[in-house]
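Peer 1: Residues annotated as compositional bias 'Basic and acidic residues' in TrEMBL: 144-193, 221-234. Under the heading domain 'C2', TrEMBL lists 1-110, 251-371, 404-534, 567-695. Under the heading region 'Disordered', TrEMBL lists 134-234. Annotation comment: TrEMBL describes 825-855, 940-969 as transmembrane segment.
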Amino acid sequence: MAETCTRKLIVEVCNAKNLMPKDGQGTASAFATVDFDGQRRRTKTKFRDLNPEWDEKLEFLVHDTESMATDILEISLYNDKKTGKRSTFLGKVKIAGSAFVKSGGETLVYYPLEKRSVFSQIKGELGLKVYYIDEDPPAPPAEQKPEAKAPETEENKPAQEAKPEEEKKEEEKKEEPKTESDKEVKKEEEKPSRPPPQEENPKKAEEAAPPVKVENLPLAESEKQPSKEEKEKAEIVKRSEVTISDLELRSLASDRSRSAYDLVDRMPFLYVRVVKAKAAKNESKIPVYAKLVIGTHSIKTKSQSDKDWDKVFAFDKEGLNSTSLEVSVWTEEKKENEEATQECSLGTVSFDLQEVPKRVPPDSPLAPQWYTLESETSPGNEVMLAVWIGTQADEAFQEAWQSDSGGLLPETRAKVYLSPKLWYLRLTVIQTQDLHLGSGSEAKVRNPELYVKAQLGAQLFKTGRTTFGSTSSSSANPTWNEDLVFVAAEPFEPFLTVTVEDVTNGQSVGHAKIHVASMERRTDDRTEIKSRWFNLAGGETKPYTGRIHVRVCLEGGYHVLDEAAHVTSDVRAAAKQLAKAPIGILEVGIRGATNLLPVKTMDGTRGTTDAYVVAKYGPKWVRTRTILDRFNPRWNEQYTWDVYDPCTVLTIGVFDNGRYKHDEAAGKQHKDVRVGKIRIRLSTLDTNRVYLNQYALTVLLPSGAKKMGEIEIAVRFSCSSWLSLIQAYTSPMLPRMHYVKPLGPTQQDILRHTAMRLVTARLTRSEPPLGQEVVQFMLDSDTHMWSMRRSKANWFRVVGCLTRVATLARWTEGIRTWVHPPTTVLMHVLLVAIVLCPHLVLPTVFMYAFMILAFRFRYRQKIIFNMDSRLSYVDMVGPDELDEEFDGFPSTRSQDVVRIRYDRLRALGGRAQTLLGDFAAHGERLEALWNWRDPRATGIFVVFCLVASLVFYVVPFKVFALGSGFYYLRHPRFRDDMPSVPISFFRRLPSFADQIL
């Protein structure tokens, strides 16, 4: 990319809002400086304006396109000191290179201004558009032209150098009163334009090649330009630096590969790479194949006439029942009179497995060698192959034939899947004009009712009905002003179809198609979307039936939920411009399973299980290889995810593979059977610590709950910055648009199920497909459906929380009735202290809380919580309740009126069940705060209690009450539309909702 085109970064500094006054007169004269990759640009100064608008486009050259994602773009705002003597800094914005988008996908994004230090007084937002353009390099000039012009440029060089020096002196005289910030900008501009070190000997440079005249100097360059040779040498130096950095990255990658399997056990595999064969007699047209035999294992390559296979075979060493390997080469010859083929051996070569060399990455691959085939009938034949003993970390393992997973079956291979990127598409139907509803007399008589229907793929939404007539202007132009929200997945559907329907006769008035890829995208509610008019077409006979006024856009400020809210694994916004840097890395080692129960029968004689594991976190799904016919499979595979929010959940499911066996008689594949599922909440993990545990696999069947076995998982959550990790607890869980312009609960539920269907449809079309039953089980698609068992579980969760209150009430009653006299006497003393020293009440309460939490730190839970069958209430559920839970929606049990009423009751019961679970989750979050379930959150609360006790010891209670009242009744101007820090902190606390089956 870097060799064939030139990349430019375009930064459009649009405007700023609500800047902090800095000139001492209630205003500010702001200008912006933009720094990127050693280049600096500056905008004009907007005098005395707290909401300046620049609308300036600044260009930067991207020197290395591969490392652009690691670069940082920094925009700083300053107050021009010509208008005041106060501090000039107004705020800054830093944007990572990974958030840059290609030209065409840019949108206006408002970034909050950041402080330079803790004591900076900064407020406001900066509106920017950042994108990059790839341009083709200009054609190189002819070689003779520079040589012809070289003497002229060399003679004119002194005059050309003297003239800029004189102009520079005059400019310095004129610009003596420049501000300090401008001088800093100038210094930064001069830094990258310093001549390279080779100019210390200018004579040699002039003898090597004459300088070439350069015109149209850019702003960031100085007046003296390096010669052509200097540019080439500088480019060579830069390329060497890039090469060094690439080597460093490769070394880091090699170090990474060494520790890529540190959470799992190394599994020994015998690798055999068969490259090609060479026959003593040149018979090129005869097909030849190689055969590998190890005990009961016998594998053949494809029969080819060119004798080149280049295939790698990996045999699980634990499954081998022999100490020798035999590799033989065979020919297939078909005679004219016979239908069957005749096989002839070209020879055999044997290896003793105890003498096979071992190889561990990052060692180089073992070079294949020629081995003579031993044969009495056909001597002189050779085969090229390599044999070594390695592990699953070997580079050849992923593409090799694997003995424990059935060879080269695509349905049994390990794969990584990515969910499609989802957007919300918002269509605002405003009104219609000039509608043609048949003849004019019919329209006047019947006054039809109209509604608008919009369709995107399989999604269909309708507006409300409105009456069309000619008695008033409002009814003559039907108006709706309703929003229809869809879920769009990349790559987008080609068109959004908008249709105006007539309810009276059930016919379509006309339709219009809107191209989805060309729709405007926005990241927040401050960007106004322009409305558009579209002509309605009624068909070939009616090319024009009116027009419709709509406003349509792709909402990038939302996160499209495709899983249940309490077990979400990703909370990032859809727009790339709002992307944040990861705060840590999640490493999961899928080691193995034990004591799995048989799921199916093999040949109708014995039970068997072909198990594989699926892990999901964020948009990344991983699938291990399928271990065939084992009740104690060992996968020992390790995967890594980037973590953007600590209060997310990792989901791991175990399944039995039924898709690799094709039923030729029925013409269809079998479905995969669920074996069990576990969830791990990242906020309950200590950072940089390995958790190695075995988790029970329990699956809910129509006959009841059944334990299917255990799975062994190793998890490590690594975080390099504690500050960013703690800061995440004080920020809202979802992006800003979810709070500024929230979606209704019913609408959110519909969109979530729509997103689940889109993700399921995309993953089932992958190769190999991830089955619909697997995706739905991992996403918990039926978690909001009515279930008597879940309702009972949520009810007992509420009872468990209220038990704490009942215990406190019994303790208070015991004090009142003198059950324990010393405690009652102490309460009398405490009552006297409260009356005499009321200002010590709050400090004492917070100090007690600090001491209790610090004491309970020793007894905190150090194991990861898993699915709890007792909490899920699966042991005391009846068969009728399970039959109701496994019944689909709508019900399939009967076809009478009771079905409709029952389905309506189930829909209402599902909402009540969810509400009951949310109420129970609030109580469990309070309990988790005191039980150190989330060690970081409880640690923050402990520090808060200690600080609060000290503050309340100094600050009188009256002052606190007065300040709290004023803060609660503060003017809306001083309120924020985002949730407060305590609310965000409380919502991030863990509950037992993720342990419900």
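Cβ from N, Cα, C; glycine included.
Automated prediction, rather than curation, is the source of TrEMBL annotations.
Burial and contacts for the listed features, if you can.
Peer 2: In terms of DSSP helix, strand and coil, the domain 'C2' (1-110) has 9 helix, 54 strand, 47 coil.
Residues of the domain 'C2' (567-695) grouped by DSSP class, helix first, strand second and coil last, total 7 helix, 67 strand, 55 coil.
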Peer 1: Please indicate, using numbers and ranges, the residues of the same chain that are 6 or more beyond the transmembrane segment (825-855) and have a C-beta under 8 Å from a C-beta there.
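Peer 2: Residues 815, 930, 932, 938, 941-942, 945-946, 948-950, 952-953, 956-957, 960.
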Peer 1: What are the DSSP helix, strand and coil residue counts for the domain 'C2' (404-534)?
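Peer 2: Output for the domain 'C2' (404-534) reads 16 helix, 65 strand, 50 coil.
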Peer 1: Would you kindly check 1-110, 251-371, 404-534 and say which stretch has the most C-beta pairs under 8 angstroms to the domain 'C2' (567-695)?
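Peer 2: The stretch with the most contacts is 404-534.
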Peer 1: Across the whole of the domain 'C2' (251-371), what does the mean pLDDT come to? Round it, please.
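Peer 2: The average pLDDT of the model in the domain 'C2' (251-371) works out to 81.
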